[in-house]
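If you check Swiss-Prot, you get these features:
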ACT_SITE  His44  active site, proton acceptor
ACT_SITE  Glu76  active site, proton acceptor
ACT_SITE  His198  active site, proton donor
BINDING   Asn8, Arg19, Asp199, Gly221, His222  3-amino-2-oxopropyl phosphate binding site
BINDING   Arg46, His51, Thr106  1-deoxy-D-xylulose 5-phosphate binding site
SITE      Glu157  site 'Transition state stabilizer'
Amino acid sequence: MPAKLSVNLNAIAMLRNRRDLPWPSVTGIGRLALAAGAHGLTVHPRPDERHTRHSDLPEIRALIDDEFPQAEFNIEGYPSEDFLALVEKHQPEQVTLVPDDPAQATSDHGWNFVADAALLTPIVRRLKKGGFRVSLFSDADPAGMTAARDTGADRIELYTGPYGSYHSDSAKADKELERLGKTADAAFAAGLQVNAGHDLTVGNLPALAKRIPALAEVSIGHGLTADALEYGMAGTVGRFLRACGW
């Protein structure tokens, strides 16, 4: 089965927040994405609410429950106590933990699974006890996969930012793709499932899907939102689904 597509709504939320107005509607755009065939919605609610607001979370949860019960809600963020409280309140199907500093513009690195084990392991245990599937943001580093598994997580999410940044250098892109592929191979061998996200496009997704055919999910926001300005949200979701292999 091809990788499922989760549409990250942060870029939509950031555009809305440029004005003190309710549009574009984060929930409304999420509805368009799901109606066009996306398998889920992702948000990263940061402490300063500079894009996704805490008030968006119950609306997205209700959208999925009431209109698209087959879809999944993925909430990602740094596992502070405030973040964990949000997760436990709004009950996403998946929680993706990222090692972000609150001031970061965007996620730009994965966990050090050995050094961060003491932090992650009890948090993963708490989330799993709550019934959540847990994914951990990961650099392309095959050596870290056993330690990732030992936290108790279900999945890793491969950070594909470097791969996406080589959009005009095919040799570097191919080299980074192989690093991602070897990390996925090690994750599968350790018993983990594999997601991927960051700077993925219809141009670079097919090669990623070919190298990692058992990829479970891709979470895409910036590139998908940029394409939606040209092709509309429904048309863009279709393009990304085809790039995944659907």
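Start at 1 and count along the chain as shown; that gives each residue its number.
Quick reminder: no glycine exception, Cβ is built from N, Cα and C everywhere.
Candidate recorded positions: His44, His51, Glu76, Glu157, His198. Nearest to His222 (3-amino-2-oxopropyl phosphate binding site) by Cα distance: His198. Between the C-alpha atoms of Glu157 (site 'Transition state stabilizer') and the residue listed as 'active site, proton donor', the distance comes to 10 Å. Cα of Asp199 (3-amino-2-oxopropyl phosphate binding site) to Cα of Arg46 (1-deoxy-D-xylulose 5-phosphate binding site): a span of 19 Å. In this structure, Asp199 is the one among the recorded positions Glu76, Glu157, Asp199 with the smallest number of other Cβ atoms inside 10 Å of its Cβ.
Secondary structure at Gly221 (3-amino-2-oxopropyl phosphate binding site), taken from DSSP and collapsed to helix, strand or coil, is coil. Taking every pair among Asn8, Arg19, Asp199, Gly221, His222, the residues listed as contacting 3-amino-2-oxopropyl phosphate, the largest Cα to Cα separation comes to 26 Å. According to DSSP, Glu76 (active site, proton acceptor) is assigned to a strand segment. Between the C-alpha atoms of Gly221 (3-amino-2-oxopropyl phosphate binding site) and the residue listed as 'active site, proton donor', the distance comes to 8 Å. Following the DSSP three-state reduction, the secondary structure of Glu157 (site 'Transition state stabilizer') is strand. The two recorded residues, Arg46 (1-deoxy-D-xylulose 5-phosphate binding site) and His198 (active site, proton donor), have Cα atoms 17 Å apart.
In terms of Cα distance, the recorded positions that sit within 10 Å of Glu76 (active site, proton acceptor) are His44, chosen from Arg19, His44, His51, His198.
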